[in-house]
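The annotation region 'Disordered' is assigned in Swiss-Prot to 34-54. Marked as NAD(+) binding site by Swiss-Prot on the basis of similarity to another entry: ARG68, GLY69, PRO70, ASP71, THR72, ARG73, GLY101. Annotation source Swiss-Prot lists active site at GLU135, citing sequence analysis. Among the features that Swiss-Prot reports, repeat 'LRR 1' is placed at 246-268. If you look up Swiss-Prot, you'll see 468-492 marked as repeat 'LRR 2'. Summarising the annotation, Swiss-Prot assigns repeat 'LRR 3' to 604-625 and lists sequence analysis as the type of evidence. Swiss-Prot lists 626-650 with the feature repeat 'LRR 4', giving sequence analysis as the kind of evidence. Positions annotated as repeat 'LRR 5' by Swiss-Prot: 904-928. Taken from Swiss-Prot, the feature repeat 'LRR 6' applies to 1012-1039, supported by sequence analysis. Residues or ranges marked as repeat 'LRR 7' by Swiss-Prot: 1063-1085. Summarising the annotation, Swiss-Prot assigns repeat 'LRR 8' to 1086-1109. Residues or ranges marked as repeat 'LRR 9' in Swiss-Prot: 1179-1203. Per Swiss-Prot, repeat 'LRR 10' is recorded for 1205-1229. Positions annotated as repeat 'LRR 11' by Swiss-Prot, on the basis of sequence analysis: 1254-1278.
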Amino acid sequence: MSYLREVATAVALLLPFILLNKFWRPNSKDSIVNDDDDSTSEVDAISDSTNPSGSFPSVEYEVFLSFRGPDTREQFTDFLYQSLRRYKIHTFRDDDELLKGKEIGPNLLRAIDQSKIYVPIISSGYADSKWCLMELAEIVRRQEEDPRRIILPIFYMVDPSDVRHQTGCYKKAFRKHANKFDGQTIQNWKDALKKVGDLKGWHIGKNDKQGAIADKVSADIWSHISKENLILETDELVGIDDHITAVLEKLSLDSENVTMVGLYGMGGIGKTTTAKAVYNKISSCFDCCCFIDNIRETQEKDGVVVLQKKLVSEILRIDSGSVGFNNDSGGRKTIKERVSRFKILVVLDDVDEKFKFEDMLGSPKDFISQSRFIITSRSMRVLGTLNENQCKLYEVGSMSKPRSLELFSKHAFKKNTPPSYYETLANDVVDTTAGLPLTLKVIGSLLFKQEIAVWEDTLEQLRRTLNLDEVYDRLKISYDALNPEAKEIFLDIACFFIGQNKEEPYYMWTDCNFYPASNIIFLIQRCMIQVGDDDEFKMHDQLRDMGREIVRREDVLPWKRSRIWSAEEGIDLLLNKKGSSKVKAISIPWGVKYEFKSECFLNLSELRYLHAREAMLTGDFNNLLPNLKWLELPFYKHGEDDPPLTNYTMKNLIIVILEHSHITADDWGGWRHMMKMAERLKVVRLASNYSLYGRRVRLSDCWRFPKSIEVLSMTAIEMDEVDIGELKKLKTLVLKFCPIQKISGGTFGMLKGLRELCLEFNWGTNLREVVADIGQLSSLKVLKTTGAKEVEINEFPLGLKELSTSSRIPNLSQLLDLEVLKVYDCKDGFDMPPASPSEDESSVWWKVSKLKSLQLEKTRINVNVVDDASSGGHLPRYLLPTSLTYLKIYQCTEPTWLPGIENLENLTSLEVNDIFQTLGGDLDGLQGLRSLEILRIRKVNGLARIKGLKDLLCSSTCKLRKFYITECPDLIELLPCELGGQTVVVPSMAELTIRDCPRLEVGPMIRSLPKFPMLKKLDLAVANITKEEDLDAIGSLEELVSLELELDDTSSGIERIVSSSKLQKLTTLVVKVPSLREIEGLEELKSLQDLYLEGCTSLGRLPLEKLKELDIGGCPDLTELVQTVVAVPSLRGLTIRDCPRLEVGPMIQSLPKFPMLNELTLSMVNITKEDELEVLGSLEELDSLELTLDDTCSSIERISFLSKLQKLTTLIVEVPSLREIEGLAELKSLRILYLEGCTSLERLWPDQQQLGSLKNLNVLDIQGCKSLSVDHLSALKTTLPPRARITWPDQPYR
């Protein structure tokens, strides 16, 4: 009991610190403002220390700008803010007009509290503003409370000495304040100014180039925050100074050569920590930096392309989804052309023998001099293969004895040294740990606050492991010291729940009496698990491997172990009925689409967790699986003709998850009976796969769930009746896309503990009655009733944070915590709250001050027009809350204009879709949206002009990144004229789409394209372009990656397109121009990978020299592909479809000239001879092949070239005349085989015994192959791997 009391005490003491277990590093430089001479210089804000510090809880902003608007808003502050945005640094910019009342508002306080770096711009009038002084005092206070925060002042045309001593203009300001504020307040303000004046910062004089200084400030700020993800705990830094010094020496930072350093050592020795510390120390010396962790796991799971995209996105500061390549060769090309030109630092953490530097990054010689690469691995042999690239090796060895003792003491005693009476024991323990940091931390945490006897027992166990080479047995000592319940939780996480949210496992563990609340904290204290920001479980890979090894060592036979996480072992256990009472948990993570009969579960009396994707259960389950707690069968399918599931009486079930399922059998395949019998259920998630099967699953009669349920979620399930009468414990109720005839047993108002209720797109006869008293639910935070037309709510719960509804909201002004509001298809419309001219507390929007997102869809907006001289007969100025960051208005019939949007200075995204149906007018107000980043306007009838767009684009603070305008038939003007003047540049614009606006005068916008120098994606489907030179402006877009150009018949003068040599980054080109005859200069586009030509009915020839992917379709007059035989050796993807005049025979015969081709599609082309296809057998790199022919190719009866395509993974053949396919059995890599529509096919393999050779086959579709014999089909069932999903000519195979 004393041990438990100590644990409880430790929990109470450590819980606040556990919850803040990530730390962030501040700058450590001294002030550059010299106290002696009062001079200043620009700061070199680069941390050269590895001293740790923590991360901030709930950080929202990276930078907080404090300034006096009249002094700097239109000058330096805008320069700086725009520069910070270009660096994608999330910045809070304060304005005087945001401040109201006598104190700093809660929103501003929250912004200060949730920022990491403060940048006060101290100007001559800064102290004149009480708001600025209040802000500065609060900033200083927060920084003093938390030294991790950084203050980087900017002295704007003022003397820092005046700031420090409050002389000059500041003395006058404080004289004025002295008459209005008490002495203590004045002193606090002076102290804040003095502290900031003492700090180093930037000094801006009259003749300084403010834009250049703003960029310098941004770059230095970025050097701070770019290290944020390299978090190092205090204890991680113990003992690594020698490692850092050694690695820095090998990196030879003064050398002009590209240098690689490989760190190797056993798991848990500190390789990653050393790499992070070196990264933190030197990253500021490089143009760009990137740290990629978990290489081994990521490459095995997702492939090298994911790693390449992460590298490119980190270095270029772009979204990984827009990097412009989808295969490893494209990644290497992008890295060579766009990344290698920077001086970069790249850390590749935890590589194994599968990693090849050249496969991911290309040759090190491609990178600019002084670039550096750090690679970590457990194996010296793996790094030894890099020696040809002059990789310098360094072994990260064990910690020294003094450092080991220090690290151990931090965990065992919460101090740097042991107490005198524990000193001998502590030294003895350290001697047994071999200087392994992970072991020292785990064992130290184990012994924290333990009695001497426990220390002595642990020491004896450690001494028994002295001769072991691996960390397993040392770490296992900490595992052995856990209580039995904590052991079960630890092994469950290691085997099944890493990366998963903790909520549902808690239910299972609670029912098993594992006490998860206390034991999870206990495991965190012991450094054995972590819980992430999203409540997901995390675990060091060494501890994960140890946990799984513990399970493996339980028995040499998998079916005699407690947990099975291998699909192969799980399938073998069930199909061969090898179950035993030792098995507690089984997971079959990937789909097997197989039937498991009840006898497969014999002897599994202790099984408590079963997860099997696409499996089906049949038979009599009476007295089977009595202890099952968790049953999860995603993509479960049970039809009317399938064997039934009977006597499913698992009374101890806690969690049932049947998502993406399709159950059509009577009594729902036995599941309804199970629901009745499972009296202890806590979580039920049922969802039919409506998108796949096109219809909902039906639950007949009245369904009653056990009264124990706390989470009930049903999606796309049709029900006669649901009884909620006894579900008093519900916390979450989701009934989405569920037609319900009746909800019985009471009303939702009686569910007092309900936190989330979703009734989206539901309808039923009494839905209105059961929601009538929902306003009583004080605990409800999320309510979604959109599409539920029968729902009418007179009063919404006051504590809501998120509301989606199709009902009127009579008490909107009382929803003070509301952050997200969506109104969809409300028949009564949405009553736009009137705003008072003074915007005082009588305004509804002023009260709902936390609202961030407003979506009005398919709803009439009810407004009152103010008819007076000041309003001009329009709506009040402040009609929408200024807190909004996202506004979407879709198919809202009124009003016929958007009032008040010019005031939405925080708005980042505006979507307008189909709302101007009755308007013959304009959209105005864009000029005021200074934070706007995304603008989408689609299908807006009656919209003639977009006013304010030019003013927005010409603003020096313009942040617009993406602009889409489509399907606006009445639009005649975007810009009244092209953007002129040398100073007008919109560097933020990255994507521009203009489509289907037939009356639009697009010329001014096209001629303005050079003003968008960073434009990466351009999509133009426009009319009325009559001159080829009108398109010349596109050629100036040097950053362009993707270009789509579609012109109609009104642009008949466009017969030739000349590709500019400046488009060196263009990877994708899509052209749809009927009048086009020729494209010149394609050979100049060195990065072009994908070329799509569709509807170019006049096109006659193509020069294709550097192409990676060619897709040609719908070009009936195309007859020739020039130079294809010798000029496209780099081609990787080729698609030809619907080109009847193209001589495809010569093209096919030239395919051997494309040695890198890995994807080939020939669809609806004219092939008349079988021997024309033989050449395909020479394409040894081919990964995917699709051959689709129609009845005109009736001579193709046999395919015999496949046996040489050993890398082929996907084969799609649709040839009606085909009778035989040779060589399929030799395709060892084949995973997907589609033969749909091969109506004459008689057999797949000459020898049925060869079927078993396709070990990797996952999908076989032979639907439509009506000529296959019964014997052939029977052989398929018995010889193909169990995982293979087969679609038969008439029905799916189980």
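A Cβ is built for glycine as well, from the same backbone N, Cα and C atoms used for every other residue.
Feature annotations (Swiss-Prot) mapped to structure.
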| residue | record | Cβ within 10 Å |
| --- | --- | --- |
| ARG68 | NAD(+) binding site | 24 |
| GLY69 | NAD(+) binding site | 19 |
| PRO70 | NAD(+) binding site | 12 |
| ASP71 | NAD(+) binding site | 22 |
| THR72 | NAD(+) binding site | 24 |
| ARG73 | NAD(+) binding site | 17 |
| GLU135 | active site | 25 |
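In the predicted model, the repeat 'LRR 9' (1179-1203) shows an average pLDDT of 82. Counting only same-chain residues 6+ beyond the ends of the repeat 'LRR 6' (1012-1039), those with a CB under 8 A from a CB of the stretch are 318, 322, 985-998, 1000-1003, 1006, 1045-1048, 1050-1060, 1062-1065, 1072. Away from its own ends, the repeat 'LRR 9' (1179-1203) comes close to residues 1151-1152, 1154-1170, 1173, 1209-1224, 1226-1227, 1240 of its chain (Cβ-Cβ under 8 Å, at least six residues beyond either end). For ASP71 (NAD(+) binding site) paired with GLU135 (active site), the C-alpha to C-alpha distance reads 16 Å. With helix defined as DSSP H, G or I and strand as E or B, the repeat 'LRR 7' (1063-1085) counts 3 helix, 8 strand, 12 coil. Using CA atoms as reference points, the binding-site residues ARG68, GLY69, PRO70, THR72, ARG73 were checked against the residue listed as 'active site', and the closest is ARG68. Taken through DSSP, the repeat 'LRR 4' (626-650) splits into 0 helix, 7 strand, 18 coil. Reduced to three states, the DSSP call for ARG68 (NAD(+) binding site) is coil.
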